[in-house]
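S.K.: Heads up, here are the entries from TrEMBL:
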TRANSMEM  A:6-25  transmembrane segment
TRANSMEM  A:75-95  transmembrane segment
TRANSMEM  A:116-134  transmembrane segment
TRANSMEM  A:146-168  transmembrane segment
TRANSMEM  A:180-200  transmembrane segment
TRANSMEM  A:244-267  transmembrane segment
TRANSMEM  A:279-299  transmembrane segment
TRANSMEM  A:368-393  transmembrane segment
TRANSMEM  A:414-433  transmembrane segment
TRANSMEM  A:439-461  transmembrane segment
TRANSMEM  A:473-495  transmembrane segment
TRANSMEM  A:507-530  transmembrane segment
């Protein structure tokens, strides 16, 4: 059977499972809809969090990105895993004890302010909408690359599937499909990684293959002696140390402040469950994040060894070279016309996405595996999209409609509004997935920057500093938001505002990706200072903080 | 806003109830202090494995090689094991292993602390 038939079969099977789970997990109350009834075991929540978190970008693009960055790829590896340490130690257990449905719930209640609630809800919607567009696009791209479908139809199929289990099952449906999606995507990622590791290093465990073979040393040798570049393992080759540090920190704090990740910790039965699901989540994520840097080295070594300084005619006889050249992700330009293609002369152009997508073919794995990689890419996109759509739904239906506009709405009405909003959110995300605004990739910096500069500081202060009051929190959030958004707008002004040159290039050496850290520090300083210059929060708020700090009794309200 | 906030009156008896749940003001302060100490120590480790071993010490650690050996043979390979710079390994592998150990340690230490104060439910 061909790869296309295998892809079709595997996609049909996995989608069938997702639909079945959506039907099985259908819910009747808001608690089921928003927090899966708070009955998800820590192990399952860890897997769901991992799938929720790892997007199309993590699955398809990250290994390729690292492959291009070398050592500096650690900004993603450390940033996107170290964030779970912050989240688990500083936020998750306390938010679980608080026990309500959303991040704006905590912000609004802790700071006894509808203004704070509204700022939080609007930020959550903006962050999630930014993110979800790329996921729907990812679904369309996988369908078009593996099955030759038009991107529009790929997106529509993705929309129908997500709409089905999210509208019917809410968080409960999303949780259990994410658990399955995690195992689909990790299997799809690991099989080709093991195969290529075995082929190049003789060791089936990619992490061992990386450490206990000469492949890293050889790649450094190729970089220096053959390509005339700095070694692959040399630190700060692509950007200065200060920028690497700030980007890593921004991705960590951003991860800890992303609403769709935080809400996953509301779904476990108690505080202890929140701590352990943080551990499980990082373990499941690390399976991919510890493998990706090995794949990055193997694939880079292999591509250079296979393509560099070879006769063009001979290279084109390779099956995978032909098929990926046809997609435009791999291209050759024999500039000096000597019949040989050389990397150091810029005669070979490799798109980062190839590193993961083409590995099964390069490693000559059976067509079945290629189908599995397609199903894995779809699982990664759909699981992240569904988590984000739920945040959009809960922010509009719960935080804005129920808490701000119509507090008298009964359970049935809230649930109905939640379902309607999630349906419309799917349609909006699908529309932008088909017609992406040109600057999608650029505004992803916004999502992390805003999560780091708006949410992380005020949630942290809300738990660890009783003295922080509503005036401080609102001032801190606004300063963090305005500074970060303003800086990113100016640094990315060529795309966002249409200027000829960026208005500013960097802020003391820190680029747009890392600027959220500065916004975060400003938020902390402003929130703390303003709070101490204004009256302390009322007694019942101090009592709320005391209660959130005591893990006992969080399980009392759970029902399954 | 019509319903009672959930944080009021939680700690009711319907949990599995192995702990007492209620703390005096002194006990609550002592519990919180231990909690903050645990978090502080573990976050110091998090900082070291995020930034010190991977970035600040990248220069010195790049001279320390470990592992290596065997295949493959390309370019400069001469059968001698040359290994991986420790800085690179810490930044792309070691740091992540450390993060996992930190979180698991945190969950275990908090289990003990909760038990000590009878807050495990």
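Cβ atoms are placed via backbone N, Cα and C, with glycine included.
Model, not experiment: these values are computed from the prediction.
Burial and contacts for the listed features, if you can.
M.R.: Within its own chain, the transmembrane segment (A:75-95) has Cβ neighbours under 8 Å at 53, 58, 62, 65-66, 69, 103, 106, 244, 247-256, 261-262, 265-266, 271, 274-275, 277-279, 281-282, 285-286, 289, 292-293, 456, 459-460, 463-464, 513, 548-549, 551, counting only residues six or more beyond its boundaries.
Beyond the ends of the transmembrane segment (A:244-267), by six or more residues, the same chain brings 34-40, 45, 48-49, 52-53, 72, 74-76, 78-80, 82-87, 90-92, 95-96, 99-103, 124, 127-128, 131, 171, 175, 235-236, 274, 277-278, 281, 384, 387-388, 390-391, 394-395, 447-449, 451-452, 454-456, 459, 510-511, 513-518, 520 to within a C-beta distance below 8 angstroms of the stretch.
Proximity of distant same-chain residues to the transmembrane segment (A:279-299), defined by a Cβ-Cβ separation under 8 Å and at least 6 residues beyond the stretch ends, is recorded for 42-43, 45-47, 49-50, 53-54, 58-59, 62-64, 66-67, 73, 77, 80-81, 84-85, 88, 182, 185-186, 189-190, 192-193, 196-197, 200-201, 206-207, 209-210, 215-216, 219, 232, 264, 355-356, 359, 362.
Counting same-chain residues at least six beyond the ends of the transmembrane segment (A:368-393), those with a Cβ under 8 angstroms from any Cβ of the stretch are 1, 3, 5-11, 14, 18, 34, 48, 51-56, 58-60, 102, 124-125, 128-129, 131-132, 135-136, 138-139, 142-143, 145-147, 158, 161-162, 165-166, 170-171, 174, 177-178, 180-182, 184-189, 191-192, 195, 259-261, 263-264, 356-357, 360-361, 418-419, 421-422, 425-426, 429.
Counting same-chain residues at least six beyond the ends of the transmembrane segment (A:414-433), those with a Cβ under 8 angstroms from any Cβ of the stretch are 27-30, 33-34, 129, 132-133, 135-137, 139-140, 155-156, 158-159, 162-163, 166-167, 170, 385, 388-390, 392-394, 396-398, 401-402.
Only residues 6 or more beyond the boundaries of the transmembrane segment (A:473-495), in the same chain, are considered here, and those with a CB under 8 A from a CB of the stretch are 107, 110-111, 113, 115-116, 119-120, 123, 438-439, 442-443, 445-446, 449-450, 452-454, 457-458, 461-462, 501-507, 511-512, 515-516, 518-520, 522-524, 526-528, 530-531.
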S.K.: Report the listed stretch (A:146-168, A:180-200, A:507-530) having the maximum count of Cβ pairs within less than 8 Å of the transmembrane segment (A:6-25).
M.R.: A:146-168
S.K.: Where else in the chain does the transmembrane segment (A:180-200) make close Cβ contacts, counting only residues six or more beyond its ends and a cut-off under 8 Å?
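M.R.: For the transmembrane segment (A:180-200), the sequence-distant neighbours (Cβ-Cβ under 8 Å, at least 6 residues beyond its ends) are 14, 17-18, 21, 47-48, 50-51, 54, 59, 206, 209-210, 213, 215, 284, 287-288, 291, 294-295, 298-299, 301-302, 356, 359-360, 362-363, 365, 369, 372-373, 375-377, 379-380, 382-383.
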